[in-house]
């Protein structure tokens, strides 16, 4: 008989029996089966008994015994049961307003961050996929043999699209697409705008919702279609249809009428453009261009195939076109032409040159994804910790329910349904937060146009649903299965202790602290870097200088003369590029070796005008003819990188001309601190024509003279966009970018500290409520504040120590590589960021714990110990 | 013979239930059959027969006698009803009548 206590019939078979048997026969059948099982167990052993039990269960599986009682029974009650689960859950939530607030607030912040991160990433990967014809659209590409192997290009020769109707079957439509930045003039204002020159069939292949006008407007060669944004920028509240604007291409001005306006694209279209123009109105499309010229021009070509078309056949038909192309233009032979499905374009970024999309921006995606995940983890851990602890108040409920006969699965369902309620609220609030607080802020920082589009974007619903499910399960499964595993007898006896000191809680807490430390270190290091860079010496004097662009070479001389005549201008110098912007790269040769350097061509007074600091040698002397023909100034990096010493004993060769290095200047920042300083050479040219003019102004007059300069510029240059700026402002956009990122990281660090704080506060205060009698007894026996706080603080300080160690090591490795990827010049992760982060966290911990100790100090032991 | 259709196993079970008198349920019937006749009958077959006999009205049953071996579940205890008893008698009468008509075996040489 002893065996009975240890052995049971096989569970699965038993369940199966319970599952199928009609209820009125179940007791009798199951009882008999059990009885035989124990008889067999005594006579023949366990295995035999189990096998026979299984055999019996199957032999009872007869029509008269089958009723699927459990199944039928449950179906009748599920509605009521689920309703009561949620009712109990709702009451519990209301009962614990404080902790519920902490959980919901934390989770909704996290959900908000995740939504922003998701939208940002989805915006990159799902861009353009809302086109209804997306499965029928293909882009033509070709592969060519190059010096370094086969290269695939996303563009094909312009006349190829004319061959499509005759050579390809099953193709419904095709369009050429060419992107240009012509100057747009409207109402005496000019802008550079992204313009797509397309065939009218473009509007049939790609569908857009129109705000005004109709998609067919492009069939008229003199009509354009604007995006919502551009129309608002140009015409404001005026009705845009029929308004006039002109575009300047290759110096030719052409008048257009607005034929339509697209609804807001919300940044979700495959192509980035501001206006669509009929391809025929582009000067390059004119038929008088020679055949050769037309073939050497390449552009994007898209086709729309008929439904169910055989793609492999079309691809083989492309062979014909390849042949024709190679006959007409034998200098650029195509190896092969191919098709890329429209939805696959995004996956071919990097594999295709000159494609529609050429930039994925993995870095920001990882950054945002990590931030979202960090915050979500913090909030989830808070919730897990708190819900386990909160359940200590519900132990009796669990015990009673178990005694009355609820199964473990039912208890788990109860807890999960409460979780579902909380998570549902959190996601709802998170959407609101993302929509009204996070997204506007983020769009501002990142100059994006992200929106939560619940009506049209079905992916966001999938995302939110998956998030709800994942968060509910992650936060719910551990507490639910832990709490429901208690034995009712020990709960009701009062033996069951819920471990507020459990290892699990401590692990989660140290993880939270670690995350908080890492994000704080990132933020502090970033802000520190920004601060240092803001005060960094640029290597030259940027004050009192204005840079002016010269769009047309024929305007150069008059413009230079007129600007020199201005009273506040001290000196004028022309340059091919300007310091503070991207500079032409050239290959330089010494002897046999070749290197790539930045090469700045300028007037001979340019280095002096910029106040570059001379280190060795001399500056250019405009009176010496050799200086304007075969002399170079180089920067220090030039010497360091190539291991040279001034004076050089050899000449350097650039574009097959020999140069002498006559002087070395200190390094200066031609590009933002994001990039390292490149080796650079400056050459002086005699009175040639340059792209930019740099004006040295009287001290303090630069900003004030901007208007006068702009006026002169417009008087001299009839058509063009004035892009003058102060030399001090050349890095303005990069600085704004860096500040944006720094704001983003600071925000997430603040959020993660707040979440860690809330979680800690919840834990400590629940702990305190549970043990207040304990502390009061200690107080009665004479424990002073020191003893009490030591007892409370000790554990959290140990966790802080562990988190500090892990977080510190992680930050040193990851945050410094993160900084390196953003700035070539950064402060590194030193003692300041780590120290600050640790101290802030310590203050937060001590503050939270002391607020609870204060509660004990204020408490009157008599009242607390008396009450029961 | 009118109305009393009893199969071979049914008849056996009916008799055993009568013998076990108030203690007849699935397992005990199976055990009793095994010890009395040496036949091993599957428990599910016995259940089927017991239920069918109850449907025919030869047996009546009530729930009772929970034991530890059964995990606290009650037994369905069967006993003979009046018509069950009548059926046994009837079957026995028919048997005996038929038996009596059997010719004597070895001693009769008259046809030999």
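Residue positions begin at 1 at the first shown residue.
Glycine is no exception: its Cβ is also placed from the backbone N, Cα and C atoms.
Whatever TrEMBL says is automated annotation, not expert-curated.
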Annotated range (TrEMBL: transmembrane segment) out of A:291-320, A:321-350, A:411-440: A:411-440
Of A:266-290, A:366-390, A:541-565, the range TrEMBL labels transmembrane segment: A:366-390
Transmembrane segment according to TrEMBL, located in which of A:460-483, A:580-603, A:604-627, A:628-651: A:460-483
Folded-back contacts onto the transmembrane segment (A:744-764), same chain, C-beta under 8 angstroms, at least six residues removed: 98-99, 102, 105-106, 109-110, 113, 367, 371, 374-375, 378-379, 381-382, 385-386, 389, 441-442, 445, 500, 505, 509, 512-513, 515-516, 519-520, 522-524, 526-527, 792, 796, 840-841, 844-845, 848-849, 851-852
Summary of DSSP states over the domain 'ABC3 transporter permease C-terminal' (A:747-860), given as helix, strand and coil counts: 100 helix, 0 strand, 14 coil
DSSP residue counts for the domain 'ABC3 transporter permease C-terminal' (A:370-486), split into helix, strand and coil: 100 helix, 0 strand, 17 coil
Beyond the flanks of the transmembrane segment (A:101-126) by at least 6 residues, Cβ under 8 Å: 267-268, 346, 360-361, 364-365, 368-369, 371-373, 375-376, 378-380, 382-383, 386-387, 422-423, 425-434, 437-439, 442, 446, 448, 450-452, 459-460, 463-464, 467, 471, 748, 751, 754-755, 758-759, 761-762
Spatial neighbours of the transmembrane segment (A:822-849) far in sequence, C-beta under 8 Å, 6+ residues away: 513, 516-517, 520-522, 524-526, 528-529, 532-533, 536, 673-677, 738, 741, 753, 756-757, 760-761, 764, 789, 792-793, 796-797, 800, 803-804, 807-808, 811-812, 815-816
Per-region confidence, the domain 'ABC3 transporter permease C-terminal' (A:747-860) (mean pLDDT, whole number): 86
